[in-house]
Structure formats: C-alpha cells, structure tokens
Amino acid sequence: MTSEKVETVVAGNYLEMEREEEGSKSTTGKLSKFFWHGGSVYDAWFSCASNQVAQVLLTLPYSFSQLGMLSGILFQIFYGLMGSWTAYIISVLYVEYRTRKEREKVDFRNHVIQWFEVLDGLLGKHWRNLGLFFNCTFLLFGSVIQLIACASNIYYINDHLDKRTWTYIFGACCATTVFIPSFHNYRIWSFLGLVMTTYTAWYMTIASILHGQAEDVKHSGPTKLVLYFTGATNILYTFGGHAVTVEIMHAMWKPQKFKMIYLIATLYVMTLTLPSAAAVYWAFGDNLLTHSNALSLLPRTGFRDTAVILMLIHQFITFGFACTPLYFVWEKFLGVHETKSLLKRALVRLPVVIPIWFLAIIFPFFGPINSTVGSLLVSFTVYIIPALAHMVTFASAPARENAVERPPSFLGGWVGLYSVNVFVAVWVLVVGFGLGGWASMLNFVHQIKTFGLFAKCFQCPPHKA
C-alpha cells in the first residue's frame, strides 16, 4: 500500500500542504519512482531548460542572418533576462494564488493548477478568459511547430518521403503523449531532452568551425527592417517558453523554491544557443536566409544524423510539454480531470491532437511560423499579461502588505518592481507585438505566396534524377 505523508511547510507567509508519495519498497517500485515521479528542484530545472531550447536551436542561426551577429547576441541576452523576469512574476502569482486557496482549505491533490485559474482566482473571470485564450492558442501552435520540426528534420536523413507525409507519420507518433499523466512524469524525458539538445548545440558549433566559412560567404545582415524584427521576434519566442511555468511549479514538491530556477535554466541554455548560432552564421552567412533549419547546410555525416535523431526524440518530448496543459484544459471542460483512470483520460485527450495535426499540414513553414507565433501570441501570453496581472493584483496597499512574496530588495521595493513590469509590458507591446507582428506577418504571407498553403515540401531542394 502507498502511504501519504502530509507535511506543513511554512516559508515566510507561505503555508502549503505538501503530499509526498512513498514508493513501493520493491526494486520495480523504486525504479518507477526514480524514472517516473519527479518533483524536485532539479526536475523543474531540467523541465525548464529542456522545454526552452527545443527546435528553436535550429532556427536561431536563421535569426542571426536576419539580425546580424551583434544584434543576434544582444537580443538573446536581453530577451533571456526578460523571459526570466516574467517567469519569476508568474511564479509569484502562482504562490499567492495557491496560498490564498489553501488557507481556504482547498485541496489540490487531484487537480493541476493552471495559469488561467491563477488569473481567475486573483483577478476574476475576464482575466481568466484572456489568459485561457492566449495560453491555449500559443500552446496549440507551439505543438504545431514541434510537429513541423519533426518533419523538417527527418527529411535530412530520409528524403524518400516528402515533409507532408512525414508530418502525418509524426502526428500519429506524438499522439502517444496522451498517456503521460502530468509533468511529474517527465523526469527521465526532461533529463534526456537536455542531453540531446546539448549534443546538438555543440555538434552545430564544432561542425561549423571545422567546415570553415563557405565560399564567397557574406554577412550582410541586417538589410531590411522586416527581416530584422522577424529575427528579433523569433528570439522573443525562444525565451518565451514559460507558458507551462505554472504546470511545472505545480509538479514540484516545494513550488516556492522555483523563483530562480528559470533564470538558471536560461543561463545554461545560452551556453548552447549563443555559440551554436554564432558559429553557424559565421560559417554560412546569408545562405541561412533561405535555409531556416541550420541542419540543412551542414554536411551529412554520422554526427549530423545523430543530431537529427536526437532532435526528433526531443521534439516528441517538447510536443508533450506543450500539449499536456491543453490536455488538462480539455479534461476540465469535460469534467474528467480528477478521474484516476489513465486510460479514460488518454481517450478523452486524443481529439486535442487532431487540430494540431491539421494546422501543421496547412502551415509547414519551419522558421517563419516561430516569429509569427512569437509576436502575436507569446508577446501577450508570457510577457504582457503576467506583468500587467502582477501590477493589478498588488495595486492596493493591503494587497502589497499581505503579499506572500515581497519584491527583491535590490530592485528598490515595489516601486522598482512596478518599473520593471511597466518596461517589460511597453517594450514587448511596441517592439514584440507591434513591430514584430508587422514584420512576421509580412514574412509569413510571403511564405504562403511563395510555397502556398498545404505546401508538400517546404524549402526542399530539387530531387536529383
């Protein structure tokens, strides 16, 4: 029998009832717990780092060709820090919401808290609806992007099938994520995912340096404002992967320890993205403008094929990360979220995969779609809405006085915190959504005009006779 140990944890004003499971004493039980049941700080770090870097690792050199080397590096650092800030803000709001609810004796043991519920509990139904719309739409297209990336990558190993056919195949494969109950169960997958992207990043870096600069290579970026802001918005998308922050926090045994995890994960991710993007851009320059997937320019070797296979597995994992919150929303809508039957939940989840599959076939534009999603959805989902929600939540003096998490002292208290939130909201609204949205939509429409909807093989080289 599995016994439960309920522990009261007090951290400042934070009171939480934790539930820790004692696994079976058998070898099988211990192995299952080791690989399957994750809730530690390390699990959260692996989840954040693994989920953040994903397929954008392959499109960042493309962004560098649009931005130029200096702007590419600066935007990565800038948006990395900004993303870490809003992830921190989301974590503060989660802790505030959960603390208030647990003081009311609400039990979350069979219920996964999500971002729209945090907004609902703190600010009301209008904020809930806003958060639900942007979060679900972003995660929907985030899943679409992973599916497109699978087809784009496998094509560089096996081009006997076109990318659309590969999308059909991988759509069926990714549908198996319906059997993964929650973020608790991504322990081994998150770890392996980060190992895979680490290998791929350093392969790209070393292979580009060994290849040397291509003949007559040019580094003319930035040349057009449209390309410049498209590239910048892809980087905004890169460091805006924290639409699943609340679900990752909820999977932790001690969610209040999350505060700095995303920043530390981002710093590690930068050790992968900066060298790889810079090296590939140095080697291939403007050629990347027509090759949004960096792997398409690197010579085919066993190392490259290994990178492709590892990224395919990682994209399957990231598909699960993006889709699992959608599964939760759908379960709650149908009233089966708290059922203990895994098979019943899996069957209920299957319809969620169908629109993702369909959209990946309509818009197979690997690279350009990242920027479009970044400007129109990520800008609000993980930057603007969290910053505004935090300011409104703590607008009154009593709310600030009773806040569970106080502002860091080095910021200068509430004034400093509000100043940062205002800057983030205004910057992302003007540069990310405004200029980025304009540029990304122009580029996206250009891809549709060039390749058409339902493109059979986006950016595929002509087949040799």
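Numbers run from 1 along the shown chain.
Glycine too: its Cβ is placed from the backbone N, Cα and C atoms.
Annotation comment: Swiss-Prot describes 1-52, 94-129, 247-259, 329-349, 396-421 as topological domain 'Cytoplasmic'. The topological domain 'Extracellular' annotation in Swiss-Prot covers 151-165, 211-225, 281-307, 371-374, 443-465. Among the features that Swiss-Prot reports, transmembrane segment is placed at 53-70, 73-93, 130-150, 166-186, 190-210, 226-246, 260-280, 308-328, 350-370, 375-395, 422-442, with the record citing sequence analysis.
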DSSP helix/strand/coil residue counts for the topological domain 'Extracellular' (211-225): 2 helix, 0 strand, 13 coil
Range from 130-150, 226-246, 350-370 with most C-beta pairs under 8 A to the transmembrane segment (53-70): 226-246
Summary of DSSP states over the topological domain 'Cytoplasmic' (329-349), given as helix, strand and coil counts: 14 helix, 0 strand, 7 coil
Stretch in 73-93, 130-150, 350-370 most in contact with the transmembrane segment (260-280), if contact is a CB pair under 8 A: 73-93
PLDDT averaged over the residues of the topological domain 'Cytoplasmic' (329-349): 90
Intrachain residues whose Cβ lies under 8 Å of the topological domain 'Cytoplasmic' (329-349), provided they are six or more past its termini: 110-112, 114, 116, 132, 136, 178-179, 181
The transmembrane segment (130-150) touching the transmembrane segment (350-370) per 3+ Cβ pairs under 8 Å rule: yes
Of 190-210, 226-246, 308-328, 375-395, whichever stretch has the most CB pairs under 8 A to the transmembrane segment (73-93): 226-246
Distant-in-sequence neighbours of the transmembrane segment (308-328), which means Cβ under 8 A and at least six residues beyond its ends: 47, 50-51, 54-55, 57-58, 112, 114, 135-136, 139-140, 142-143, 146-147, 149-150, 153-154, 156-157, 170, 173-174, 177-178, 180, 182-183, 186, 189-190, 192-193, 196-197, 199-200, 243-244, 247, 295, 337, 345, 349, 352-353, 356
Intrachain neighbours beyond the topological domain 'Extracellular' (371-374), with Cβ under 8 angstroms and 6 or more residues off its ends: 138, 141-142, 145, 230-231, 233-234, 236-237, 240, 432, 436, 439-441, 443-444
Residues of the topological domain 'Extracellular' (281-307) by DSSP state, where helix covers H, G and I: 19 helix, 0 strand, 8 coil
For the transmembrane segment (166-186), sequence-distant contacts whose Cβ falls under 8 Å of one of its Cβ atoms, 6 or more beyond its ends: 36-39, 43, 47, 112, 143, 146-148, 150-151, 154-155, 244, 247-248, 250-251, 312, 316-317, 319-321, 323-324, 327-328, 342, 345-347, 349-350, 352-353, 356-357, 360-361, 364
